[in-house]
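Before any comments, here is the structure.
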Amino acid sequence: MRWQDRVLTPLAVLSAAVLGCYLLGLGTVRQQMLLCWTLAPILDLSMSWLSRQVWRSPDGDPASRRFWRAMGAAGLIFAVGDLTQLGYVLATPDLDRFVFHPAQSLLGVAGVLLVGGVTVCHPGRAWSRGARIRMALDAAIVHTAAGVLGWSLLTRPGLDQAGATGYFSALFGCGVVLCGGLLAVKIGLSGSSPIVMPAAVPIIASTSVQALGNALLPTDSVAGVTLPALLVLGPCLLMVATPRIQLLQTRAGRGGRVRRGAGAGRRYSSLPYLGTVVCAGTLVVVLAVEGLGLSAWGALTGLLINVALVVARQMLALAENNTLLGRLDESLAEIRRRERRQEALLRHASDITAIVGTDGVLRYLNPAVERIVGGPPGEYLNRRLLDLISPADAPCVVAATAPVFATPGAKAAFEMRVRHADGGWRWLAAVAVNLVDEPGIGGVVINARDMTEERELRELLRYQAGHDELTGLANRRQFTDRVGASGTAEVAVLLVDLNGFKQINDTYGHATGDTVLRHVARQLSACSGPGDLVARLGGDEFAVLVPAGVAEADRIADRLRAALAAPAAIDGRQLTVGASIGVAAGPADRPDSLLHRADLRMYADKQRCRELSS
């Protein structure tokens, strides 16, 4: 709120000046009366003009604009009534005390009823059946208090001597009290109000002053002009501030919102109990001032009704609390069932579920870890995850999980080896999710399943896809891939084809032939270097990829010929296996040309062997 506002600041200065003028007794009685009834319509018109600014503001909702249109119209009605009163004072030169003209009081009642009717019709929130009953009881308690005040105003002593003016004034006071009660219900109970609380404070204060003024005027309870004038001008000054405060709140972005009753965060309101206090206080005042009369009996009846409503409200609250406690018990039982179900699922789950803190330390492990890795969960808690996995896998795991630990909600999948209690390694396929912001978790959840057998099968299939089943050497596919992977490097290739292998198969059988192939594979591997690739291309054809070049390939060929020239014990027989060898060298990026030249030289060698044998 801006206290240097161009409307509120002059209004505060005017209020101080008026208060000082009347308290110091400046001017004659008639001058003070004329000042009062001159300022009153001006203030009423100011309230109407400021209310017009509020309803024309684009920030308000339609229902609130309707309320402020009614406030503007009420300001005009009040202004007409106060102008009528000013004319009455001017037309009565010998008037030396406050006497209200019936038209002024009647127009005041009309303005109050207009605002009250619009307040009643202001839309509220959607309520459940129980909430509507609570709302009705609370509103009845508040309006009972307003009724007790109104009864006390209408039946106070001396009102019958005041004539029609007194009754109209009392009726106006009752309307003000009723309107204040309706507005209090809208603001404090209904959850929907056309006016924000800062702007409602002047209205509440104005209602209180109006009620006090109508309790004292036009009876002889107050002598002089000072207090009656202040009781008239005070509400007018307060009502001018109301639309201005509403407009400032609306422009600040707080005026167009529906206000929840009883304060944000509270599920109850003290307003109904304040109504009971008002009833009791009114009864005490009436008994002290008037004794046990008509006003006292009416106030007592209203108090009893009010107390009965409060008791009914409390009984309803107790019944609702009992229902809520029953629902709470059911909810707690359901939570316990869910916890037991979740615990059973985690206890018997086949996968490991772990919670790792942002510091990388294990905070939780389910019992599945004992079946997969060995050892109870407590053995691994409060240990760093990286201390449990294979050092060879640690860099990959860190790279995969670093974004997960850094970003809430992030997810990553990875594989790792974890040390088993028996000293071996178990392969785990894991998925990590950052649930740091989840209540009760506060870390990274890792779900891991045992994939050791799957990994072994995968490695076996990969090995079988690249190796010859009989000899254990690389097969043609792996050999070709290795040649292609060598790029443009200079490499040498040996092609080996066995001589007389068909006769061995035909003479001694395929089992002996397989033994011969395994013998040749061993000899070929023994003659090759550690960086060479020995492969069986199919049948009795072998190959060696030699990255060291053609000289090394020739040495391998010589060693192989020497090794195969010596008879070997195969299936109890001394057999000699001959071989034709072709060597070719060149860039590895032309594998077809390289293999073709090696193949030609191998057949040339085979032809020489045939010629020598013949």
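Heads up, the Cβ atoms here are built off N, Cα and C, so glycines get one too.
The domain 'PAS' annotation in TrEMBL covers 338-393.
Helix, strand and coil content of the domain 'PAC' (412-463), in residues and according to DSSP, is 12 helix, 27 strand, 13 coil. The domain 'PAC' annotation in TrEMBL covers 412-463.
The domain 'GGDEF' annotation in TrEMBL covers 489-614.
Nonlocal intrachain contacts for the transmembrane segment (7-26), taken as residues 6+ away from its ends with a CB within less than 8 angstroms of a stretch CB, comprise 32, 35, 39, 50, 225-226, 229-230, 233, 237, 240-241, 244-245. Per TrEMBL, the feature transmembrane segment maps to 7-26 (among others).
Sequence annotations record features per position, and here TrEMBL assigns transmembrane segment to 70-91 (among others).
The transmembrane segment annotation in TrEMBL covers 103-123 (among others).
According to TrEMBL, the feature transmembrane segment maps to 135-154 (among others).
According to TrEMBL, the feature transmembrane segment maps to 166-185 (among others).
Per TrEMBL, the feature transmembrane segment maps to 229-247 (among others).
Feature annotation from TrEMBL assigns transmembrane segment to 268-288 (among others).
Feature annotation from TrEMBL assigns transmembrane segment to 294-312 (among others). Remote same-chain partners of the transmembrane segment (294-312), defined as residues 6 or more beyond its termini with a Cβ less than 8 Å from a stretch Cβ, comprise 137, 140-141, 144-145, 147-148, 151-152, 155-156, 272-273, 275-276, 279-280, 282-283, 286-287.
Residues of the same chain lying 6 or more positions beyond the ends of the transmembrane segment (70-91) and with a Cβ under 8 Å from any Cβ of it are 33-34, 37-38, 40-41, 44-49, 51-52, 54-55, 99-101, 103-108, 110-112, 114-115, 117-118, 236, 239, 242-243. If one looks beyond the transmembrane segment (229-247) by at least 6 residues along the same chain, the residues whose Cβ comes under 8 Å of a Cβ in the stretch are 1, 5, 7-8, 11, 14-15, 18-19, 22, 32-33, 35-36, 39-40, 43-44, 46-47, 50-51, 53-54, 57, 68, 71, 75, 78, 98, 195-196, 198-200, 202-203, 205-207, 209-210, 212-213, 216-217, 255. The average per-residue pLDDT of the prediction over the domain 'PAC' (412-463) is 90, rounded to a whole number.
Residue counts for the domain 'GGDEF' (489-614) under DSSP, helix first, then strand, then coil, are 65 helix, 38 strand, 23 coil. DSSP places the residues of the domain 'PAS' (338-393) in helix, strand and coil in these numbers: 22 helix, 12 strand, 22 coil.
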